[in-house]
Amino acid sequence: MHRNFRKWIFYVFLCFGVIYVKLGALSSVVALGANIICNKIPGLAPRQRAICQSRPDAIIVIGEGAQMGINECQYQFRYGRWNCSALGEKTVFGQELRVGSREAAFTYAITAAGVAHAVTAACSQGNLSNCGCDREKQGYYNQEEGWKWGGCSADIRYGIEFSRRFVDAREIKKNARRLMNLHNNEAGRKVLEERMKLECKCHGVSGSCTTKTCWTTLPKFREIGYILKEKYNAAVQVEVVRASRLRQPTFLKIKQIKSYQKPMETDLVYIEKSPNYCEEDASTGSVGTQGRLCNRTSPNADGCDMMCCGRGYNTHQYTKVWQCNCKFHWCCFVKCNTCSERTEVFTCK
C-alpha cells in the first residue's frame, strides 16, 4: 500500500480509537466511519471488506504485515531483473503479478507470512483486541527438563488463522491460479510457524539454573525471507487435476510426473513459466529493466550484461564532495579540508 495512504488510514482509525475510549463502545457513528474507510481501500474482496469493517483495529496491522512482506521481497530480489515490482492495480498487498510464475508464488507466500507475523506480534504487545498471549503455554511444568511455561508466549496459531481468514479471502475465482495462490499462502505461514523460537530464563540461587521459565517468540522476519528465497529457487511447477464431472480444479500435482504426487506443504509452486522481465509488458505485469542500476564488472544477475538484457548501459559521472581531515585548533575552532571523489554509475538503456 502507498505509504501516505497507510498513514491516512492509521490517523483515521486512531480517531476511531479515541472515540472508542471516550464512549466505552464502538458507536454507530464510528461503525459508519469504518465502513466508509474500508470501502476506500483498493483491491479488497467482499469478505476482506467485511473483516475490515468489523475489526478496524486489525486492518492497520494487516497493512503493516503486508508492507513488511513487500519490503522483504524487495530486499531479497534487489539485484535481479525482477525486483518485486509489477504493473497493475495497487492493493493492500502491492501490485499483483498477472502470470502464475515462481515470482508470484514468492509474493503470495511472503505477504501471507508477513500478515501472520504482524498480527501475532500485535497480539503479544496488547495492540489488538480479542487476542493476547498464548493461553495454552501457561502453567505447564516439565520436571525432567526442569522448565515451565512463563512470560508471554506468542500466539502464532491466532496469527496464522487470522492471516488465513483475511489473506485467503481474496481468492474468489475457482481456477488453477486460486489453488496455486492458496498453496503458497499456506506455505509462507507454515515456514513462519516452523521457525518459532523458544526463549528461556534461568532461576536459582547464586546464578544457578535450578529451573527455567520459557516462552515462544517470533523469528526475525528477515530469516523467513531467506528461507522463502531458497524455496523460490527450488519452486515446483504444478498442474491442476480436475474433478471428472464438474471439471472444476480440485488439487495440484507436480507436473511431468505420471502419478498424482502432490507438492510438499512448504514447497512454493507455480503453474506458468516466468517472463524474462527485460521489457515493460502490461500483459505479464513486467516493468522491465530500463533505467535500473547495474554493476559493470559483475557476472551475476546485478551485472549490466544480464540486467540490461543485451541492450547496453549508460554511464553517469558525478563528483562527491565532503569535509575531511578535520582538526580541532586551540582555541576554539575546527579546520577541515575539502575532499572529493569522482564516481561512475551505470544504468540500463
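The first residue you see is number 1, and the count goes up from there.
Note that Cβ sites are derived from N, Cα and C of the backbone, with glycine treated the same way.
All protein chains considered, the CB of CYS73 (disulfide bond) has 26 other CB atoms within 10 Å. Annotation note: CYS73 (disulfide bond) sits in a helical segment as assigned by DSSP. As annotated by Swiss-Prot, disulfide bond applies to CYS73-CYS84 (among others), with the evidence given as similarity to another entry.
Taking the Cβ of CYS123 (disulfide bond) as reference, residues of its chain lying under 8 Å away and at least six apart in sequence are, in sequence order, CYS131, GLY132, CYS133, ALA154, ASP155, TYR158, GLY159. Taken from Swiss-Prot, the feature disulfide bond applies to CYS123-CYS131 (among others), supported by similarity to another entry.
DSSP assigns CYS152 (disulfide bond) to coil in the three-state reduction, placing it in neither a helix nor a strand. The 10 Å shell around the Cβ of CYS152 (disulfide bond) contains 17 further Cβ atoms across the protein chains shown. As annotated by Swiss-Prot, disulfide bond applies to CYS133-CYS152 (among others).
Here the Cβ of CYS200 (disulfide bond) has 15 other Cβ atoms within 10 Å, regardless of which shown protein chain they belong to. CYS200 (disulfide bond) falls within a strand segment according to DSSP. Residues or ranges marked as disulfide bond by Swiss-Prot on the basis of similarity to another entry: CYS200-CYS214 (among others).
Its Cβ taken as reference, CYS202 (disulfide bond) is surrounded by 13 other Cβ atoms within 10 Å in the chains shown. What Swiss-Prot records for CYS202-CYS209 (among others) is disulfide bond, and it gives similarity to another entry as the kind of evidence.
The annotation disulfide bond is assigned in Swiss-Prot to CYS278-CYS309 (among others). In this structure, CYS278 (disulfide bond) belongs to neither helix nor strand by DSSP; it is coil.
When Cβ atoms from all protein chains are considered, those within 10 Å of CYS294 (disulfide bond) total 21, not counting its own. What Swiss-Prot records for CYS294-CYS304 (among others) is disulfide bond.
The Cβ neighbour count for CYS308 (disulfide bond), using a 10 Å radius over every protein chain in view, is 21. In the three-state DSSP scheme, CYS308 (disulfide bond) falls into the coil class. Look at Swiss-Prot and you will find CYS308-CYS348 (among others) tagged as disulfide bond.
In sequence order, CYS336, ASN337, THR338, CYS339 make up the list of same-chain residues 6 or more apart from CYS324 (disulfide bond) whose Cβ falls under 8 Å from its Cβ. Among the features that Swiss-Prot reports, disulfide bond is placed at CYS324-CYS339 (among others).
According to its DSSP assignment, CYS326 (disulfide bond) is in a strand. Under a cutoff of 8 A between CB atoms, and with a sequence separation of 6+ in the same chain, the neighbours of CYS326 (disulfide bond) are VAL334, LYS335, CYS336, ASN337. Summarising the annotation, Swiss-Prot assigns disulfide bond to CYS326-CYS336 (among others).
The disulfide bond annotation in Swiss-Prot covers CYS331-CYS332 (among others), and the record cites similarity to another entry as its basis. For CYS331 (disulfide bond), applying a Cβ distance below 8 Å and a minimum sequence separation of six or more within one chain yields no residues.
The N-linked glycosylation site feature in Swiss-Prot is assigned to ASN83 (among others); the stated evidence is sequence analysis. Following the DSSP three-state reduction, the secondary structure of ASN83 (N-linked glycosylation site) is coil.
Cβ-based neighbour count (10 Å, all protein chains) for ASN127 (N-linked glycosylation site) stands at 15. In three-state terms derived from DSSP, ASN127 (N-linked glycosylation site) belongs to neither a helical nor a strand segment and is classed as coil. Residues annotated as N-linked glycosylation site in Swiss-Prot, with sequence analysis given as evidence: ASN127 (among others).
Marked as N-linked glycosylation site by Swiss-Prot: ASN295 (among others). The DSSP secondary structure for ASN295 (N-linked glycosylation site) is strand. Cβ neighbours within 10 Å of ASN295 (N-linked glycosylation site), excluding its own Cβ and spanning all shown chains: 18.
Nonlocal intrachain contacts for the region 'Disordered linker' (238-266), taken as residues 6+ away from its ends with a CB within less than 8 angstroms of a stretch CB, comprise 174-176, 178-180, 183, 186-187, 190-191, 194, 231. The region 'Disordered linker' annotation in Swiss-Prot covers 238-266 and rests on similarity to another entry.
Sequence annotations record features per position, and here Swiss-Prot assigns signal peptide to 1-24 based on sequence analysis.
Less than 8 angstroms from the CB of CYS209 (disulfide bond) sit GLY146, CYS202, HIS203, each of them six or more residues away in the same chain. When the disulfide-bonded residues CYS133, CYS278, CYS336, CYS348 are compared by the number of other CB atoms within 10 angstroms of each CB, CYS336 has the fewest. For the disulfide-bonded residues CYS84, CYS152, CYS304, a Cα to Cα distance of within 10 angstroms from CYS348 (disulfide bond) holds for CYS304. If you measure from the Cα atom of CYS308 (disulfide bond) to that of CYS294 (disulfide bond), you get 8 Å. Cβ packing within 10 Å was compared across the disulfide-bonded residues CYS84, CYS131, CYS339, and the lowest neighbour count falls to CYS339.
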